[in-house]
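**Student:** Take a look at this one; I'll ask things after.
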Amino acid sequence: MKPQDLKVPFFWEERSTKIKDNVLYVPEHYFKHHQFIMPSWEEFFGNDNPISCELCSGNGDWVVAQAKETPEVNWIAVEKRFDRVRKIWSKMHNCRVTNLRIVCGDAQTFFLHYLGEAVVQRIIVNFPDPWPKSRHRKHRLFQDEFLNNVVRVLTEPGILILATDDKNYLLQAIQIMRQYLSPTMEDPYYCEVENYGNSWFETLWRSKGREIFYTEFVKKLGYS
């Protein structure tokens, strides 16, 4: 399968939520999410295996490799850009990975409208856009709304992982995660990590001599 074999299942003017070819399409600038009847994840995957969800999946190298190595886990790859979704989809088919589903859409919208309570065991955020300029900070993923949704969709105990090359972003994310979750590491709550997995961004940043930072938090039992 080639990336261009995946076609958008609607015209922009007629956009709506759809599932096709193991891709859930969550359109932007759309206000009828509540009208879509989302099948259970057991139906979508065909089993009730535990679910891990990667956000910012990029070209899909990392998540496809993880899904192939852990067939006992169901994987969800969330990526906003359709050109990247095509690449994930192509790799998924060419690697004959059957335990991966793709979400083409915004992570916040997906969490809010399409994930129920306590359905995901692990959420992995790989190299999110740090939006370094002060006037752009409102676009950062790690904010109260996102963490509220994370706590809602995670099982108990559930894990939230962040990998980034941007230390300032890491420290800001840790500060807000500590308000909702418990760190699994001792202060300063992060470490450098080797052999985290093969992703396009990790390869890029390591080739430029950057350090890769990793942090992990767990959902507090009884938090709601």
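Positions of Cβ are set from backbone N, Cα and C atoms, glycine also.
Below are the features listed in Swiss-Prot for this protein:
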{"type": "ACT_SITE", "residues": "ASP129", "note": "active site"}
{"type": "BINDING", "residues": "GLU54, GLU79, ASP106, ASP129", "note": "S-adenosyl-L-methionine binding site"}
{"type": "BINDING", "residues": "LYS133, ASP165", "note": "substrate binding site"}
**Student:** Find, for the listed recorded positions GLU54, GLU79, ASP106, ASP129, LYS133, the residue with the lowest Cβ contact count at a 10 Å cut-off, counting only other Cβ atoms.
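**Tutor:** Taking GLU54, GLU79, ASP106, ASP129, LYS133 as the recorded positions, the minimal 10 Å Cβ count falls on LYS133.
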**Student:** Rounded to whole angstrom, what's the largest C-alpha distance between any two of GLU54, GLU79, ASP106, ASP129, listed as binding S-adenosyl-L-methionine?
**Tutor:** 14
**Student:** Cβ within 8 Å of the S-adenosyl-L-methionine site's Cβ centroid: which residues qualify beyond GLU54, GLU79, ASP106, ASP129?
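**Tutor:** So the extra residues in range turn out to be LEU55, CYS56, SER57, GLY58, VAL78, LYS80, ALA107, PRO128.
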**Student:** Helix, strand or coil at ASP165 (substrate binding site), per DSSP?
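**Tutor:** Reduced to three states, the DSSP call for ASP165 (substrate binding site) is coil.
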**Student:** Could you round the CA separation between GLU79 (S-adenosyl-L-methionine binding site) and ASP129 (active site) to a whole angstrom and send it over?
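**Tutor:** With the alpha carbons as reference points, the distance is 12 Å.
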**Student:** Between the Cα atoms of ASP106 (S-adenosyl-L-methionine binding site) and ASP165 (substrate binding site), what distance do you get, rounded to the nearest Å?
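**Tutor:** ASP106 (S-adenosyl-L-methionine binding site) and ASP165 (substrate binding site) have their Cα atoms 22 Å apart.
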**Student:** How would DSSP class ASP106 (S-adenosyl-L-methionine binding site) in three states?
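**Tutor:** In three-state terms, ASP106 (S-adenosyl-L-methionine binding site) counts as coil.
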